[in-house]
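Asker: Please read through the structure below; I'll follow up with questions.
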Amino acid sequence: MGMTITEKILAAHSGAKNVCPGDIINCRVDILLGNDITAPISIELFEKAGAKRVFNKEKIVFVPDHFAPNKDIQSAEQCKRLREFSRKHKIINYFEVGRMGIEHALLPEMGIVLPGDLIIGADSHTCTYGALGAFSTGIGSTDLAAAMINGKIWFKVPSTIKINLYGKLNRWVSGKDLILYIIGKIGVDGANYRSMEFCGEVIKNLNMDNRLTICNMAIEAGAKNGIIEPDKETLNYIKKKARRKYKMYKSDSDAKYEEILEFNCSRLEPQVSLPHSPENAQPVSEVGNIKIDQVVIGSCTNGRITDLIEAAKILKGKKVNPNVRLLVFPATQAVYKEALKKGLIDIFIDAEGVVSTPTCGPCLGGHMGVLAEGERAVATTNRNFVGRMGHTKSEIYLASPAVAAASAIMGRIASPEEVVGK
Amino acid sequence: MKLRGNVFKYGDNINTDEIIPARYLNTSDPKILGKYCMEDIDRDFTKKVRHGDIIVAGRNFGCGSSREHAPIAIKAAGVSCVIAKSYARIFYRNSINTGLPILECSEAADEAEMADKFEVDLDRGIIKNLTKCKTYKSQPFPKFVQGIIRAGGLMKWVKAGERE
């Protein structure tokens with residue numbers, strides 16, 4: 001019987017020839033990831049277990065990105081813990097402030113994660129790397145600690161939902177709109193424990209940045225992983241980055257799916273997810289007159305160069321509404337530099353927005369843009385839960401960089417077409 | 001292992017930002033995390049909760065972030081067990097790994113009300129609502145997972161030599 005791409009990668013890393021949904025397998029891990037929030041717990045557990053060395057100093061990646069640059073003394077202590085452990089154990093892939101970025105933008109950009117890999121990370125958005133044709137999933141600090149010692153993790157093989165996206169996308173409809181739409185259709189636990197395999201002509205025509213956005217939010221439907229079969233675009237993306245071998249897996253034509261969903265995307269509008277759940281997705285034209293106080297463009301979901309280019313197309317030559325604060329976060333130092341070179345940073349600053357160093361900051365209400373009581377934000381981030389960006393009586397509307405930029409200018413939730421036409 | 005406590009009842013999709021808001025994640029000290037447990041969904045939770053009390057919730061409990069601080073905070077607040085209709089997968093795994101007992105039981109979750117008295121037999125998966133005089137059966141953890149819970153989490157269990 002045929003296997004899906006997810007089953008093939010899991011089988012290859014468990015030493016089995018075949019695996020089926022429900023099998024419990026022990027897998028070899030290619031890359032392990034931790035950040036300044038989750039890794040300190042793992043380090044403590046690692047040391048308490050009496051472990052003397054990590055299983056492989058090249059396969060562990062630590063990125064202080066959540067509350068970095070250090071937002072307060074306690075955060076500074078957590079980052080210090082990461083730094084000191086990395087020095088002691090000669091962790092090659094420790095990325096210090098100035099050399100870092102938001103982890104899920106940084107790892108693909110650096111060629112650290114590659115097609116066919118099995119990746120675990122103590123961060124729920126680790127599912128991002130499925131866009132490269134890898135099996136990648138979020139875990140907790142304990143699982144990370146254990147894998148730091150022996151390089152292994154057990155999994156129950158998930159069943160797969162195949163999501164076929166067909167049609168031709170309207171201008172201003174991006175990967176973010178597609179994933180918000182899908183989550184709106186299936187709900188925040190619509191793919192719980194399962195794998196989401198995205199395919200179809202729409203996916204084929206999307207660039208890697210948009211694919212990364214889609215897989216990034218698979219967790220928002222509860223999925224264990226999101227994945228896209230590698231193709232020419234994948235090869236094109238990794239060819240200058242890969243410094244080790246990789247393998248491009250594809251699902252067999254007779255692979256078994258738990259469910260196959262088909263969506264015609266030709267008439268899709270940009271989407272907005274209303275408070276307080278990513279599943280509250282609506283076409284932007286139906287949202288109504290919602291005044292806003294802040295716009296955040298960035299995060300592991302939408303802080304890549306494609307995202308900044310889209311936002312800049314809308315903001316060019318315009319000013320942000322006087323009642324709105326626009327915050328732009330290039331996701332990595334390299335994205336920041338490229339945005340500078342392309343003149344995007346000028347566009348943002350001329351529009352009277354601020355541009356920040358890479359950080360997860362406001363996405364989880366950490367720092368650099370926390371909301372007060374009653375304030376509303378449009379954000380290109382991934383969660384709009386109660387209190388996520390600040391006060392429990394603040395509100396977050398999730399959207400694409402284009403919708404966020406248009407909203408910043410209009411001072412209310414707005415479609416890009418209202419600013420720059422069709 | 002038998003647990004007894006009062007019910008704190010919540011709805012569907014309780015996420016990890018509600019269980020422990022990110023503004024407190026600049027520490028992983030269980031004592032501090034426990035003080036802010038459930039703050040964004042129930043401001044009075046930590047004032048009212050007593051050692052041994054039980055959280056009962058709907059579908060997809062613990063969705064969102066992978067922060068292990070969530071089960072750590074629940075345990076540190078004194079909660080002895082969570083009963084829900086279903087769990088988000090990372091939270092489920094994190095709970096076992098940190099030694100927080102969790103059970104799935106839709107009927108018990110549907111019929112429970114705030115402040116009901118519950119008794120839970122973890123080894124057998126038997127849940128009793130003493131206030132409503134009702135008994136429910138849920139799938140108990142397999143023996144080795146019960147061992148992990150008893151040891152206080154995966155790493156402690158491994159260190160103890162997987163005796164159970």
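Heads up, the Cβ atoms here are built off N, Cα and C, so glycines get one too.
Sequence annotations record features per position, and here TrEMBL assigns [4Fe-4S] cluster binding site to A:C300, A:C360, A:C363.
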Asker: Around the [4Fe-4S] cluster site (A:C300, A:C360, A:C363), what further same-chain residues have their C-beta within 8 angstroms of the site's C-beta centre?
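Answerer: Once A:C300, A:C360, A:C363 are set aside, the remaining close residues are A:D65, A:H66, A:I102, A:H104, A:H125, A:G298, A:S299, A:T301, A:G303, A:T359, A:G361, A:L364, A:T381, A:N382.
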Asker: With Cβ-Cβ distance below 8 Å and at least 6 positions apart along the chain, what are the contacts of A:C363 ([4Fe-4S] cluster binding site)? List them in sequence order.
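Answerer: A:C363 ([4Fe-4S] cluster binding site) has long-range Cβ partners A:V296, A:G298, A:S299, A:C300, A:A379, A:T381, A:N382, A:R383, A:R388, A:M389.
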Asker: Validating a neighbour-count step here. Other CB atoms within 10 A of the CB of A:C300 ([4Fe-4S] cluster binding site): how many?
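Answerer: Summing over all protein chains shown, A:C300 ([4Fe-4S] cluster binding site) has 26 other Cβ atoms within 10 Å.
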Asker: I want to verify one value. Collapsing DSSP to three states, which class is A:C360 ([4Fe-4S] cluster binding site)?
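Answerer: Going by the DSSP assignment, A:C360 ([4Fe-4S] cluster binding site) belongs to neither helix nor strand, so it counts as coil.
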Asker: Could you tally the C-beta atoms, other than its own, that fall within 10 angstroms of the C-beta of A:C360 ([4Fe-4S] cluster binding site)?
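Answerer: Its Cβ has 30 other Cβ atoms within 10 Å.
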